[in-house]
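Asker: Please see the structure below; I have some questions.
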Amino acid sequence: LGLFFTMPNVVLLNKSLMPLTTWDMKPAFLLTNHQQEKQRKIHLKLTILEKLSSSTAVYIDMQKLQARMFVGDGQQQEFERCTLAIEGMTCASCVANIERNLMNIDGINKVLVSLIAGKADVTYDATVILPSQIVNFVEDMGFACKLMEEGTATKRKLELMIVGMTCTSCVHRIETNVKNLRGVVGAEVTLTNSSGVFIYEANHCTPRSIMKCIEDLGYSCSLLSKENRSAALSHNHDISRWKKSFLISLLFGLPVMAVMVYYHWILHTMDKPENQWHVIPGLSFDNLLLFLLCTPIQFLGGRYFYVKSYKAFKHCTANMDVLIVLATTISYIYSVIVLIAAVLLKWSISPMTFFDVPPMLLMFISLGRWLESIAKAKTSEVLSKLMTLQAKDATIVQIGKNNEILSEASIDLELVQIGDTLKVVPGAKIPVDGKVIFGSSSADESYITGEPLPVTKAPGSTVIGGSVNLNGNLIIEATHAIHDSTLAQIVKLVEEAQTSKAPIQHLADKIASYFVPGVILIATLTWIIWLIIGFVDVDIIRNSFGGHCMFLEPVHQNHSVHSSDVHADRIQNLELIFKFAFDCAITVLAIACPCSLGLATPTAVMVGTGVGAKNGILIKGGEPLELAHKITTIIFDKTGTITQGKPKLTKICLFVNEIDISLHYLLAIIGTAESNSEHPIAEAITAHVKQFLKTERFGVCKLFQTSPGHGVRCIVSDVQMMMQESEKLAEKGDMSFLNDVEVVNYNFGLPPYSYNEQILVNTDDHSKKENSNREWEVLIGNRKWLDKHGMQITNEVDGVMSSEEQMGRIAVLVALNGKVVGVFSVADCVKAESALAVYSLQKMGLKTILLTGDNCRTAAATAKQVGISVVFAEVLPNHKKIKVEQLQKRNEVVAMVGDGINDSPALAAADVGIAIAAGADVAIESASIVLIKNNLLDVVAAIDLSQKTTRRIRINFLFASIYNLLSIPVAAGAFRTIGFGLQPWMAAAAMALSSVSVVTSSLMLKLYKKPTVESLTTADFVNHIARLRSAHYGSIEVHRGLEEFKPRKKRSPSASIQSKILSIIRSVDQNNASHTCEPTLQQGLLSSDSMDDDIQI
């Protein structure tokens, strides 16, 4: 044993190889780490292998040794991940076999096998084991296996066909030059097949840069064609194999059935031995035919089962194939032995055999697995469809100064880089995510987002790779590479979801691991028990066997067949006992089905997650799918979740006669002034003016000045050109460009009257003439800003502002030439579906909570609009997670719905995190359910789908459990005494159909229909909305920050009166102080937004 000391965090040696000595030894390492000590010990256990010559030096690979050391405290070697495609798995015991054996291999950290997807995700230490070795281990277990993917999330593999290499120097030249590229991790070029495999970091290198490097060296190269990743999901190989197996079994099985029908049912040779046709003494013609038909299928048709069973026994495991092999082999060997004995002893009658069992058993099992493979393919067809949505290539173009196309070329999709300019013709698939530069069209995104209607695309619009361009040419700029596109992320999420296991699946796997040995034990006990019963009282078996026995009566009563031979009587009774015992034991082996238990959960999860993906709901695995139906409390973030996420002009209150200035002119003036500001309120007003006036141009603005948190001041002129386009559209009657913004005109001395903007399209000729060449001094801001410039705010204007602010809106004063002309209200509007989504969740029995960093007043106003009665306002971003944990401590199963970066800790902490895909990527990563569309009704759909899927899993489990609990006792002969029993071939048919029925049950989830606005909008909901808008709606419980729920105490009448008096006093004080103590625009709503993911000011 050699002992070496090194200082911590110091590389052992700079050289990659360290010569030890010329010892006759070869080292193997055993590493230990003591973090408390200043020195680290590396124990090298030197194992003598063989005598080496004195000139031979022994080396230790220090690179691998250092990779396996602890570099720093708690810092370990990073694991890599590979994905394997595995064929031949039939049940949960196969899954458990692979997982258990791989986990026993040194260097493998984690294994997750998916039965339905036919693949395994393996996390491993690349310094200890290679993916190719893992593949060999799986194949050694009896499963066909090949490598699909390998490497970390940032590492990518590029396979190229290289033309022009002539010798090994070419190989060395290419490898050396490519390795010198930044980001290239490895390069391996093979001369014999003219190919190269390159590993690179996607953050620092691209496939095109590698190909350019090779082409610059004088070689030509192209991408190697890859197998379709959806092949494993299609189960085509399994379908083809089991179809062939069934047809071969049918070729032998049908004649077996014909022999049985003719000899056993028509001639009754089992009841009437005299009807047997003897070839030689002891061998009847029907037994000879059955032997000739059974032997080929036993050794040829059953070869697959024998190989799988041998490899299972080799690894000390047992699966469904072991049960099949035991049933068929015992039947065949028993039949051959008794037949040979009858021939050698020259019996006058041919014995009863089980030659009919192997062909019939294999025929029904092959049929069942064929149908099961077809059904499995149906469960994963959504994912297969998603994989086929990707385009095969892209057309890259070069744009000139005048936006003309100078050149275009078709390239493989793998070679598209961020920033490439691509052309998409009508009817073609959009290659990657991008932004439209030129052109207009519409795109079909239905299979990606679930949106049934085409989505309009114009310059500036985003496009999704895999969607179909319906009409019009588009020139787009690639914003994502193929591996990072929306479609790639969706496929990855769905793949991981369908590979992961629901909690209930772990129970099924555990049962399956004990199931097969348990069935073998039951079959053995069944055989022993019936042997004992038969030797005690053979009449019980004779009566139980019914018409399936050749000797229903004692042989000595049959005077035509050896009536005086007592010895023959005993032999025939012994044959009867063994025949009956074997019959029951084989039936137990044939009928037991761990497959139905193993398929109950993964098939339902695969169909459920696939249906969710088709409807724009990405559920990350079986655990959130199963957990979502247990939610008791659902928390909503406000901005971007309940609301649109950006401020919008909602109301205009006018205090000027329309004859003096029309709404057109007023909006043109205000838009010109606000176009110079980057404040979110200014941007909201400017956006509305652009849409209302249908223009991108503004008037002249000079002497512009701004005061943060207060307002703006400027001089505006030349706005008449802004209104030309909107007037043309108004004359044609086209008012589709108008927003439905409420306009209230407060004429002095007259009651206010309301209308929308569509009534005010036509401008007044008088105002045109009067105002066309005027300059306007514009003031826009809060009370303090106008008061600072000497503006008088009337009680009426102040009352309107206060009313708007009480509704959670931002009220902005507008003054022209020293006169207040209006109040513009800006708010982050509630989404149209928010109230319906909240109401639907409450009807499902869930508690709803609004959690936001906004101020209490705005939060309460938003909650009232959607019907949420519990609000936590002014919650800091880092406190959202704490609030989720507080609710969990009260035994609540919490779901968090959000979309921002600040929501990520809360999304991760919640039992079920639901993220809006329109939000940040980090939110998607931390959530367990992702909504592709920014629609809150999908939250209702996700929980509803979870309930339906969980119910289907329970139905599957119930059926599989009842089947096995009832079928095994029946097969064991528990009910034979009352005339009810099964033959082995019947058991095989029942077993095959049980698996098919479970998969078919899961496929029923494909009929799921997502709740729609129409289906959820009931009369009760309409009445609910009416109550929300009434002044008599119940109180809203508002909490500030991390304030906990407080139990409401019953107040005495005197306390109630006292609180009312105090309330009146406070209201009087607030009215008196409204001008001196008003909040600025940065206070209240806006100041709290700076702490939250809400509107940032």
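Each Cβ is built from the backbone N, Cα and C atoms, and glycine gets one as well.
Because the structure is a prediction, the values reported are computed rather than measured.
According to TrEMBL, the domain 'HMA' annotation covers 80-146, 156-222. Under the heading transmembrane segment, TrEMBL lists 246-267, 287-306, 318-345, 351-371, 511-533, 580-600, 957-979, 985-1005.
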Asker: For the transmembrane segment (580-600), which partner among 246-267, 351-371, 957-979, 985-1005 gives the most CB pairs under 8 Å?
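Answerer: When the Cβ pairs under 8 Å are tallied, 957-979 comes out ahead.
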Asker: Where, among 246-267, 351-371, 957-979, 985-1005, do we find the most CB pairs under 8 A to the transmembrane segment (318-345)?
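Answerer: Looking only at 246-267, 351-371, 957-979, 985-1005, the most contacts with the transmembrane segment (318-345) come from 351-371.
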Asker: Where does the mean pLDDT land for the domain 'HMA' (80-146)?
Answerer: 85
Asker: Most CB pairs under 8 Å with the transmembrane segment (511-533): which of 246-267, 957-979, 985-1005?
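Answerer: The stretch with the most close Cβ contacts to the transmembrane segment (511-533) is 957-979.
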Asker: What stretch, picked from 246-267, 351-371, 985-1005, has the most CB pairs under 8 A with the transmembrane segment (287-306)?
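Answerer: It is 351-371, which has the most Cβ pairs under 8 Å.
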Asker: Which numbers of helix, strand and coil residues does DSSP report for the domain 'HMA' (156-222)?
Answerer: 22 helix, 25 strand, 20 coil
Asker: Same chain only, please: residues at least 6 beyond the ends of the transmembrane segment (957-979) with a C-beta under 8 Å from a C-beta of the stretch. Say none if there are none.
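Answerer: That would be 504, 508, 519, 522, 526, 530, 540, 543-546, 580, 584, 587-588, 590-593, 596-597, 599-601, 987, 990, 994, 997-998, 1001.
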Asker: Taking helix as H, G and I and strand as E and B in DSSP, count the residues of the domain 'HMA' (80-146) in helix, strand and coil.
Answerer: 22 helix, 24 strand, 21 coil
